[in-house]
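What Swiss-Prot annotates here:
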TOPO_DOM  1-22  topological domain 'Virion surface'
SITE      W41  site 'Seems to be involved in pH gating'
TOPO_DOM  44-97  topological domain 'Intravirion'
LIPID     C50  S-palmitoyl cysteine
REGION    60-83  region 'Disordered'
Amino acid sequence: MSLLTEVETPTRNGWGCRFSDSSDPLVIAASIIGILHLILWILDRLFFKCIYRLLKYGLKRGPSTEGVPESMREEYRQEQQSAVDVDDGHFVNIELE
């Protein structure tokens, strides 16, 4: 049994394709796997940064606050926000002559 799905053969009108036994379950399975592989490869190339970042860090968005009182949660949020806020006084301006 041949795994070729199409064979080019000379005909009266030139070269043409003749499909041989395309209803074979092995050929159908190989075609489906090939198409899925192509789709997954394209998605991987389009979204590789997102995919590998998600695999590396998971879905974690920060420490869990389960069981922590609301006052401590608010204090933590304020600390995180103050760490993000930028104070212009910390920068040094360098002027080139």
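Cβ atoms here come from the backbone N, Cα and C positions, even for glycine.
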Using the alpha carbons only, what distance in Å do you get between W41 (site 'Seems to be involved in pH gating') and C50 (S-palmitoyl cysteine) once rounded? 14
Cβ neighbour count (10 Å, all chains) around the residue listed as 'S-palmitoyl cysteine' is 9
Pop the mean pLDDT for the topological domain 'Intravirion' (44-97) in here, whole number is fine. 71
